[in-house]
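See below for the structure under consideration.
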């Protein structure tokens with residue numbers, strides 16, 4: 001009689017995993033990401049680094065979200081050696097950023113005007129599905145975000161979500177870096193991007209792996225100090241990158257998709273985005289540590 005009971009215990013199904021608002025958002029994201037990569041695959045036109053990136057984004061988000069749904073549905077996630085809330089918060093933020101990028105990159109690279117025929121229609125529907133998929137992930141981020149004062153899962157707080165944003169923007173910067181010559185100013189900027197990316201990624205990985213609690217120093221204050229240092233480093237990069245990149249060099253004519261000028265301009269804007277992110281991160285983490293509600 002004990003054997004069937006044991007079998008029942010293993011086969012527990014938690015229907016809230018797919019009937020709650022978060023579960024519904026994940027189901028919608030799974031369907032839309034599947035639709036996007038299926039339609040693009042059917043056109044056969046996704047060559048080059050940009051097409052490969054978009055296909056990887058939709059397939060990766062589809063696979064991981066489906067895995068998250070299955071683990072929650074079968075209640076297997078408590079057996080994993082990681083902080084589940086931190087992992088799902090970080091992944092939904094990362095997926096939202098990746099799908100947003102794919103939703104912009106794909107149509108601007110592959111939909112050529114004038115556009116007609118079934119191939120164009122499939123590309124347009126895939127783009128629409130990708131945009132709606134981004135909204136589904138953005139909704140999940142909003143639903144799982146920690147309430148003010150709740151710091152039980154760090155990566156679901158505003159500073160935690162910003163950490164994912166900062167690491168992702170740094171990855172975009174690396175994808176645009178082609179030549180930064182022997183200019184000491186540009187080499188310093190690349191060092192800033194690399195150092196801040198590595199430390200931010202370590203914070204994310206250690207949080208998900210529940211390793212930060214073993215640190216021998218007050219973690220919250222260390223994070224505030226790191227944010228202040230990263231902000232100062234990014235201020236120098238925001239000034240030095242455009243100064244050394246464009247000094248005495250005009251925009252080439254013509255300047256195509258892989259033109260160095262466009263890439264350096266992209267790095268300039270992404271540096272400013274990360275500067276703002278680290279500033280907001282510093283303000284929020286300072287409030288969480290030093291101005292706690294009674």
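One-based numbering along the chain as shown.
Keep in mind that glycine also has a Cβ here, set from the backbone N, Cα and C atoms.
Summarising the annotation, TrEMBL assigns domain 'MARVEL' to 17-149 (among others). Residue counts for the domain 'MARVEL' (17-149) under DSSP (helix as H, G, I; strand as E, B; rest coil) come to 110 helix, 0 strand, 23 coil.
Beyond the transmembrane segment (18-41), the same-chain residues lying 6 or more positions past its ends with a Cβ under 8 Å from any Cβ of the stretch are 51, 54-55, 58-59, 61-62, 65-66, 68-69, 72-73, 95, 99, 102, 106, 122-123, 125-127, 129-130, 132-133, 136-137, 139-140, 143-144. Under the heading transmembrane segment, TrEMBL lists 18-41 (among others).
The feature transmembrane segment is assigned by TrEMBL to 53-71 (among others).
If you look up TrEMBL, you'll see 91-112 (among others) marked as transmembrane segment.
Among the features that TrEMBL reports, transmembrane segment is placed at 124-143 (among others). When Cβ-Cβ distances below 8 Å are used as the criterion, the transmembrane segment (124-143) is approached by residues 21-22, 25-26, 28-29, 32-33, 35-37, 39-40, 54, 58, 61, 89, 92-93, 95-96, 99-100, 102-103, 106-107, 111, 115, 161 of the same chain, each at least six residues removed from its ends.
Looking at the domain 'MARVEL' (154-290) alone, the prediction's average pLDDT is 88. The feature domain 'MARVEL' is assigned by TrEMBL to 154-290 (among others).
When Cβ-Cβ distances below 8 Å are used as the criterion, the transmembrane segment (185-212) is approached by residues 81-83, 86-87, 90, 154-155, 160, 163-164, 166-167, 170-171, 173-174, 177, 219, 223, 226, 230, 233-234, 236-237, 240-241, 243-245, 271, 274, 278 of the same chain, each at least six residues removed from its ends. If you look up TrEMBL, you'll see 185-212 (among others) marked as transmembrane segment.
Same-chain residues lying 6+ beyond the ends of the transmembrane segment (224-244) with a Cβ under 8 Å from its Cβ atoms: 159, 166, 183, 185-186, 188-189, 192-193, 195-196, 199-200, 203, 264, 267-268, 271-272, 274-275, 278-279, 281-282, 285-286, 289-290. Marked as transmembrane segment by TrEMBL: 224-244 (among others).
Look at TrEMBL and you will find 264-284 (among others) tagged as transmembrane segment.
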What else in the chain is close to the transmembrane segment (53-71), if you only count residues 6 or more beyond its ends and a Cβ gap under 8 Å?
17-18, 23, 26-27, 29-30, 33-34, 36-37, 40-41, 46, 77, 80, 88, 91, 95, 98-99, 101-102, 105-106, 130, 133, 137
